[in-house]
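Asker: To start, I am sharing the structure in question, which I have written as structure tokens.
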Amino acid sequence: MKHQDFDWWPAPAKLNLMLKIVGRRQDGYHLLQTVFRFIDFSDQLGFKLRHDGIIRRLSGNESIVESDDLIIRAAQLLQRAAGCAKGVDIALVKNIPMGGGLGGGSSDAATVLVALNHLWGADYPIDKLVSLGLELGADVPVFIQGKAAWAEGVGEELTPIQLPDAWYVVLVPDCHVSTAEVFRDPQLTRNAPRTTIRDFLAGRQGNDCLPVVLKHYRQVKEAFDWLALFASAQLTGTGGCVFAAFESEIAARHVFMQVPEQFQAFVAQGLDYSPLMQLLSSKQNIGASPSG
Ligand SMILES: C[C@@](CO)(OP(=O)(O)O)[C@H](O)COP(=O)(O)OP(=O)(O)OC[C@H]1O[C@@H](n2ccc(N)nc2=O)[C@H](O)[C@@H]1O
Ligand SMILES: Nc1ncnc2c1ncn2[C@@H]1O[C@H](COP(=O)(O)OP(=O)(O)O)[C@@H](O)[C@H]1O
């Protein structure tokens, strides 16, 4: 497998800058109000087209059975929906920790849908890709839309939002938090009063999953308590990653340098526009130019 034989596309991580649980749907899914922001910390997916219709994962995610991998499921879904005769070999460089609330699986799935829509020439409009993506996970639509967003419903009602420049220190506790378990917990707040974008921008933030996650996951509590010594610490999604925002890279790195060895950590810049969409636009512009 040679790196240069593949067409490489990014799958960025996200942070939930706030998360409220404001109700429940008939099917048991929880209704949220949340803010999604991308960060410049990404998985990389390489695509090599096949003419025999076969879809294969060549590398990455060895802990997940290939047929369960959202990457494979996304490619199969698009192939079926679009009646595409082509196949693909997919290589994955996995950087985003799994089950950390950073949305890596959903982002990988979104990148597969967006990239193969382009490479297979299916040319579905974004709205059609978003509805396919929602079949794979509640977080997939925002990664397809590619814009930082205020989200409602289960995360599919998206309003683009502009956020102040920020750098984040993200701590990765050594545990895997199950989204399903957090949402099953009887002590979870399920009827928070609805809030507004304006309240969020005025500083009313927080995450309704935090008390449940801190109670059950000692490693998350330790990370949260450590980060809270330096800044306002927050949980992303259902965790377990915790983060804090800083106005400059220098300020973020100053805290990052002091992170105790027991935690993995990284520094990342907040992005309002996903690198996936930037790449797609540049490919579409090249395709459209007279010399391209
Ligand atoms: C809550 C968020 C915020 O970003 O958490 P993270 O997963 O990113 O931490 C996401 O929307 C999560 O989306 P996603 O990770 O796709 O969740 P899924 O796999 O679809 O859900 C796993 C299980 O959690 C429960 N679930 C999930 C989302 C939701 N809004 N209500 C729920 O009750 C359901 O029981 C579902 O079967
Ligand atoms: N390509 C993939 N990358 C990551 N996780 C995947 C993938 N395909 C399936 N999964 C499953 O999705 C679960 C959630 O993963 P992930 O999206 O990384 O976390 P979170 O939803 O907490 O942000 C994983 O525990 C894993 O079992």
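Using the three backbone atoms N, Cα and C, a Cβ is placed for every residue, glycine included.
In TrEMBL, annotation is done automatically, which means it is predicted and not curated.
From TrEMBL, here are the annotated features:
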type: ACT_SITE; residues: Lys14; note: active site
type: ACT_SITE; residues: Asp139; note: active site
type: BINDING; residues: Pro97, Met98, Gly99, Gly100, Gly101, Leu102, Gly103, Gly104, Gly105, Ser106, Ser107; note: ATP binding site
type: DOMAIN; residues: 70-146; note: domain 'GHMP kinase N-terminal'
type: DOMAIN; residues: 207-263; note: domain 'GHMP kinase C-terminal'
Asker: Could you tell me which of the recorded positions Lys14, Pro97, Gly101, Gly105, Ser107 have their C-beta within a distance under 6 angstroms of some atom of ligand 2?
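Answerer: With ligand 2 as the reference and 6 Å as the Cβ limit, the list reads Gly101, Gly105.
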Asker: Please check each of the recorded positions Gly101, Gly105, Ser107, Asp139 and report the ones with a CB atom less than 6 Å from an atom of ligand 1, ordered along the sequence.
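Answerer: Once distances to ligand 1 are taken from each Cβ, Gly101, Asp139 fall under 6 Å.
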Asker: Taking just the CA atoms, what is the gap between Ser107 (ATP binding site) and Asp139 (active site) in Å?
Answerer: 8
Asker: How big is the gap, in Å, between the Cα of Pro97 (ATP binding site) and that of Asp139 (active site), rounded to a whole number?
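Answerer: Given the Cα positions, Pro97 (ATP binding site) is 16 Å from Asp139 (active site).
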Asker: Just give me the nearest neighbour of Lys14 (active site) among the recorded positions Gly99, Gly101, Gly103, Gly105, Asp139, Cα to Cα.
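Answerer: So, of the listed recorded positions, the one sitting closest to Lys14 (active site) is Gly103.
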Asker: Can you check how the pLDDT averages out over the domain 'GHMP kinase N-terminal' (70-146)?
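Answerer: On average, pLDDT over the domain 'GHMP kinase N-terminal' (70-146) sits at 96.
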Asker: Per DSSP, how many helix, strand and coil residues does the domain 'GHMP kinase N-terminal' (70-146) have?
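Answerer: Each residue of the domain 'GHMP kinase N-terminal' (70-146) counted once, the result is 44 helix, 7 strand, 26 coil.
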Asker: For the binding-site residues listed here (Pro97, Gly99, Gly101, Gly105), tell me which residue's CB has the most neighbouring CB atoms inside 10 Å.
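Answerer: Selected residue: Gly101.
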Asker: What is the total of other Cβ atoms whose distance to the Cβ of Gly103 (ATP binding site) is within 10 Å?
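Answerer: Summing over all protein chains shown, Gly103 (ATP binding site) has 28 other Cβ atoms within 10 Å.
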Asker: If one looks at the chain holding Asp139 (active site), which residues at least 6 apart in sequence have a CB under 8 angstroms from its CB?
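Answerer: Sequence-distant Cβ neighbours: Lys14, Phe36, Gly103, Ser106, Ser107, Gly155, Gly237.
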